[in-house]
Amino acid sequence: MILCKEGKIQAGFLFCIRLQTNAFCSIIKEDKEAAMTKKKVVVGMSGGVDSSVAAYLLKEQGYDVIGVTMQIWQDEDRCHVEENGGCCGVSAVRDASAVAQTLGIPYYVLNFKDVFRSKVMDYFALSYYQGRTPNPCIACNRYVKWQSMLQKALSLGADFIATGHYAQVVQLPDGRYTLRKADHGKDQTYALYNLTQEQLARTLMPLGKYTKVQVRAIAESIGLPVANKPDSQEICFVEDRDYAGFLTKYTGREAEPGHFVDTKGHVLGNHRGIIHYTIGQRKGLGIAMGRPMFVVEIRPETREVVLGEDQDCFSPGLLADDCNWMLLSDLAVGQTVKAMGKIRYSHEAAPCTIVRRGDGLVECRFEEKQRAITPGQAAVWYRDGYILGGGCVLQRIHA
């Protein structure tokens, strides 16, 4: 794909999208032919460029498109929400509505605040007080953006839901579904590993074939008002990345101080409460040791935070529970599978072996030790770019 001005995105410039071998037109034609037997799709619109272009592409492919934005937590009177937006703020509704008007599609705002509070915010808070570091976006995807939105979409007579995620839904020969990684750095399959087969069967992800640059170029070429809107980066309901402040305010529970200890159990000093720390953390510890120290373990039962050197942050593997399988229909007890394992969104997947233990947990061992394996995060396993399955990290393996 060749963009005018040598592919450079410039504000106010209307892109002339010229395509080598008509690649873009070919994609649209193929998808339009596939859509002929399909009808209505509800698109989750965050007010960002990705979901906006997803809605446009689906309309071009012949679907009957309905746009929706989910109100999930925000207080509409909070100024920072209006200014910073995120994926669900007041600015999201404003921008998504403007895009829907530009595309000429119906648009609704749905209230999912109760389910978001119970499935995401409560889970987020409980996890931190248990010494874990959760990924609320994964829970939001499963229970809000898919479960709740899909139920609403089906009640409206829709056949599918769609989002602006960079991933591809693939149906396997046996009828099951999995997700294929996007072929570029924007891949978002990690946060979608726990979608059910029923949810995947009703899901469209039209951006799986595109890069971010291409998506912004499409938005610019059709005059979408969000073409140059920055991506949201942080957890939408936590202001200024102050997790501990949010937790204290949300739960009404003050953090209980405890001890810093070394890897041999010797007390090093006092800390402000385990909710202030995560595995691998170096900054903001509030203790001077004369050398760099890192959080290597959090013990909620004793309120101890274990500090060590960087080498102490490395582990050969992990135990995971609450697993969800895609490419695999299941993992039998004792069954061993080689995979590429990913332990956080920004982590580069590494070669590993997974096996189901007799207690139901999945043991994952990497060929090389990995840094900062963190309880509460997801471990997602891939083969040839397809999700095998994934689970929640219960604990790291020390040897």
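Glycine is no exception: its Cβ is also placed from the backbone N, Cα and C atoms.
According to TrEMBL, the protein carries these features:
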type     : residues                                                              : note
DOMAIN   : 41-82                                                                 : domain 'Rhodanese'
BINDING  : GLY44, MET45, SER46, GLY47, GLY48, VAL49, ASP50, SER51, MET70, GLY164 : ATP binding site
ACT_SITE : CYS140                                                                : active site, nucleophile
SITE     : HIS165                                                                : site 'Interaction with tRNA'
ACT_SITE : CYS236                                                                : active site, cysteine persulfide intermediate
SITE     : GLN377                                                                : site 'Interaction with tRNA'
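Taking the features listed in TrEMBL, we show where each one sits on the structure.
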{"residue": "GLY44", "record": "ATP binding site", "DSSP class": "strand"}
{"residue": "ASP50", "record": "ATP binding site", "DSSP class": "helix"}
{"residue": "MET70", "record": "ATP binding site", "DSSP class": "strand"}
{"residue": "CYS140", "record": "active site, nucleophile", "DSSP class": "helix"}
{"residue": "HIS165", "record": "site 'Interaction with tRNA'", "DSSP class": "coil"}
{"residue": "CYS236", "record": "active site, cysteine persulfide intermediate", "DSSP class": "coil"}
{"residue": "GLN377", "record": "site 'Interaction with tRNA'", "DSSP class": "coil"}
Stretch-averaged pLDDT - the domain 'Rhodanese' (41-82): 85
Extent of the ATP binding site in Å [max Cα distance among GLY44, MET45, SER46, GLY47, GLY48, VAL49, ASP50, SER51, MET70, GLY164]: 16
Spatial neighbours of HIS165 (site 'Interaction with tRNA') among the recorded positions SER46, GLY48, ASP50, CYS236, using Cα within 10 Å, are ASP50
Densest Cβ environment (other Cβ within 10 Å) across the recorded positions MET70, CYS140, CYS236 belongs to CYS140
Rounded to a whole number of Å, the separation of the Cα atoms of GLN377 (site 'Interaction with tRNA') and MET70 (ATP binding site) comes to 25
Under 8 Å by Cβ from ASP50 (ATP binding site), counting only residues of that chain that are 6 or more apart: GLY164, HIS165, TYR166, LEU207, VAL215
Reported as an integer number of Å, what is the Cα distance between GLY44 (ATP binding site) and CYS236 (active site, cysteine persulfide intermediate)? 16
How many Å separate the Cα atoms of SER46 (ATP binding site) and the residue listed as 'active site, cysteine persulfide intermediate'? 12
What's the number of neighbouring CB atoms sitting within 10 A of the CB on SER46 (ATP binding site)? 26
